[in-house]
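Chemist: Structure in structure tokens, see below.
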Amino acid sequence: MEKQRLKAQLSSLRVPLFSVPWPGQCSNKAEVIEARMMKWADEHNLLVTDEYRNRVIRTRYGLLAARCYPNAGEVLLQAIADYLVWFFLADDLFVDRVEVATDETIRNLTAMVDVLDLNVAGSPPVFGELAWLDVCQRLRRLLQAETFERFAQGMRLWATTAALQILNHLRPTSVGIREYQTIRRHTSGMNPCASLADAANKGSVQACEFYDADVQTLVRQTNNIVCWANDIQSLRIEIHQPGQFRNIVTIYAQQGQSLQDAVETTATRVNKEIAGFCELADAVTARPISDELHGLIDGLKYWIRGYLDWVVHDTMRYADQFIESDADDRRFSAPDLSLLKKKLLVCD
């Protein structure tokens, strides 16, 4: 009933564009990174069917990496691009575009945490686990130990707060805005992405600067800007998902607003967050800070602008014409590992 009421308002929905007062950038290795990412995803059996491969091709996750980390060295940028394609596919197949909870949900998510904690894959591995292990081992080699642990902690929280998101979708109505924001802050994957922003620019920030209250506020504002803008931009397809569909817009609608008013309320909050980020970033960079912290703040700006540009110029992930085919991944969920093993034998 909740979904049907929301779907009825989609045809007239107007989605706003967002702007920020700094230019976008993109690595000149973007197309090479994208091609290698597709090859890597294929080699790690993430592209479960030709239909799924075509979807990933038109989504352009390598371009997202190139826009958000334009100054990263080629080896690090490739690892980040491979991480992003893995993350989006795992998030879709484990949480978002399948049933709210399945027999495999706990096993899938705990396997991802175990890779971080134990640095090995289970036997037998779940879908995507070997790809995830490969990404983590590459990042361990490329990053300082502290930086990798920031990334790893963000990913542990992604896997564990996914359970809170599932619990919210098992309720007849959603939790409120405050509780949702807490869940969204960690299930989005933005914290691990932000933790790579310094290494991809001028090097790793020391803990005393990274955990400074103002710096953490900038990280949180970056998270909020990307997440809440995404809640608007992905609204049409998320409402058609079989499992997870509640977000900040639908919660405002649940509280009595029309869907259009809920979008505008959310957009106002995004723009306010952008203004707050700009003001605080200017204040922090006016202080005597390290080059690495300057690089981190630049990296947060790259992420905000890079994500917004990716949505407008590159990706078809949220395109209306693919909603019917892309919103429901139940036919792809829990791919048969024996079939993947046979595929590997054929390739060998």
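If you go along the chain as it appears here, the first residue is 1 and each next one adds 1.
Just so it is clear, glycine is given a Cβ too, placed from its N, Cα and C backbone atoms.
Swiss-Prot lists these features:
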BINDING   ASP91, ASP96  Mg(2+) 1 binding site
BINDING   ASP96  Mg(2+) 2 binding site
BINDING   ARG184  substrate binding site
BINDING   ASN230, SER234, GLU238  Mg(2+) 3 binding site
MOTIF     91-96  motif 'DDXXXD motif'
SITE      PHE88  site 'Plays a critical role in the stabilization of intermediate cation'
SITE      ASP92  site 'Plays a critical role for substrate recognition'
Chemist: With DSSP as the yardstick, break the motif 'DDXXXD motif' (91-96) down into helix, strand and coil residue counts.
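Modeler: Its residues fall into 6 helix, 0 strand, 0 coil.
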Chemist: Compute the C-alpha separation of GLU238 (Mg(2+) 3 binding site) from the residue listed as 'substrate binding site', stating it in Å without decimals.
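Modeler: Between the alpha carbons of GLU238 (Mg(2+) 3 binding site) and the residue listed as 'substrate binding site' there are 14 Å.
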Chemist: Please state whether DSSP places the residue listed as 'substrate binding site' in a helix, a strand or coil.
Modeler: helix
Chemist: Looking at the binding-site residues ARG184, ASN230, SER234, which ones sit with their CA no more than 10 Å from the CA of ASP91 (Mg(2+) 1 binding site)?
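Modeler: Checking each Cα against ASP91 (Mg(2+) 1 binding site), there are no hits.
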Chemist: Residues with Cβ closer than 8 Å to the Cβ of SER234 (Mg(2+) 3 binding site), same chain and 6+ apart in sequence?
Modeler: ASN247, ARG317, TYR318
Chemist: Measuring Cα to Cα, how many angstrom lie between ASN230 (Mg(2+) 3 binding site) and PHE88 (site 'Plays a critical role in the stabilization of intermediate cation')?
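Modeler: Cα to Cα, ASN230 (Mg(2+) 3 binding site) and PHE88 (site 'Plays a critical role in the stabilization of intermediate cation') are separated by 13 Å.
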Chemist: Check the motif 'DDXXXD motif' (91-96) for me and report the mean pLDDT.
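Modeler: Mean pLDDT, the motif 'DDXXXD motif' (91-96): 75.
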